[in-house]
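Worksheet: one structure, shown below.
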Amino acid sequence: MAGCCLSAEEKESQRINAEIEKQLRRDKRDARRELKLLLLGTGESGKSTFIKQMRIIHGSGYTDEDRKGFTKLVYQNIFTSMQSMIRAMDTLRIQYTSEQNMENALVIREVEVDKVSSLERKHVEAIKKLWEDEGIQECYDRRREYQLSDSTKYYLSDIDRISNPGFIPTQQDVLRVRVPTTGIIEYPFDLENIIFRMVDVGGQRSERRKWIHCFENVTSIIFLVALSEYDQVLAECDNENRMEESKALFKTIITYPWFQNSSVILFLNKKDLLQEKIMYSHLIDYFPEFTGPKQDSQAARDFILKLYQDQNPDKEKVIYSHFTCATDTENIRFVFAAVKDTILQLNLREFNLV
């Protein structure tokens, strides 16, 4: 009855209040409809490549114009790789098989990589001759003894295509480009009316102090491990094994108080490189506790997975693991579909889906 006696102003005021209440409830519901996925792992484990795959699979992908924007970076990656090998030739005391390649090495050495925006014919010829040199090939085979990008062989084997005047990077070229992540990159994408906000933070040691800001309201941690790093040393510290560093970081992350309510998903990445490398670089030489057969990538994968699972002190906490190849779009499409289902299952109550 009292409602009949309300003035027009009071009715309007009530209507506005009801609208505000409704909007607040909507905002609260929308906040719940956003999932924050934190991508963690040491440098070069494949986090940025994974974000690129999300853009290809669940976002707008890369147009011709977008891919053109990577041309300069592809060229720079090629020079960086060749310069790394030229320096390593000196350090490892490997001889060039062709005298002329000593001169070619000088030509490439003088290039200021940051200023490269095109490929000159003299540089292309020098790079091709160097890459064909048996000394450089020996140096490439010994790459675990120095720092060299995983994409080196991919780009150098394709130098003819890349040096074409009308070159536009392919999707695979874009996925392979190496640019160290500095700062924090966020990539939100919409899946089934739920926003997945993926956050990629720099993996190098100097970048890790920036992570702290990302720790609030994390739904899931996706931790990437490069399987192929079992025999490599850190870029920042040349006598520390990369996998030992990654393992220690994983333990720190999963025992952080912030993450006790976050699910943990482990991507054992670069399975393709492990398969290649395990044929000549034996796991037991770096992890003496490995008792499996040599040249067996499945045994190596199982051992490395257990290494990481053993870092988990809380046996109640499930770690969801997947073997991945971040440069393979179909593999990531398949794996992320499983990850999405896991995350949604774990958050059903939040989304009122039960």
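Cβ atoms are placed via backbone N, Cα and C, with glycine included.
Swiss-Prot lists 33-354 with the feature domain 'G-alpha'. Mean per-residue pLDDT, taken over the domain 'G-alpha' (33-354), amounts to 92.
What Swiss-Prot lists as GTP binding site is 41-48, 175-181, 200-204, 269-272, A326. Shown in sequence order, S48, L73 are the residues of the chain, 6+ apart in sequence, with a C-beta less than 8 angstroms from the C-beta of V179 (GTP binding site).
Cβ contacts within 10 Å of S48 (Mg(2+) binding site), excluding its own Cβ and spanning all protein chains shown: 21. Positions annotated as Mg(2+) binding site by Swiss-Prot, on the basis of similarity to another entry: S48, T181.
Sequence annotations record features per position, and here Swiss-Prot assigns region 'G3 motif' to 196-205 based on sequence analysis.
The region 'G5 motif' annotation in Swiss-Prot covers 324-329, and the record cites sequence analysis as its basis.
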Counts of helix, strand and coil residues, the region 'G5 motif' (324-329), according to DSSP: 1 helix, 0 strand, 5 coil
Rounded Cα separation (Å) that holds between S45 (GTP binding site) and T181 (Mg(2+) binding site): 11
Among T181, N269 [binding-site residues], residue with fewest other Cβ within 10 Å: T181
Residue pair V201 (GTP binding site), T181 (Mg(2+) binding site) - Cα distance, angstrom, rounded: 7
Neighbour count (Cβ, 10 Å) for A326 (GTP binding site): 25
Cα-Cα distance linking T181 (Mg(2+) binding site) and N269 (GTP binding site), given in Å to the nearest integer: 18
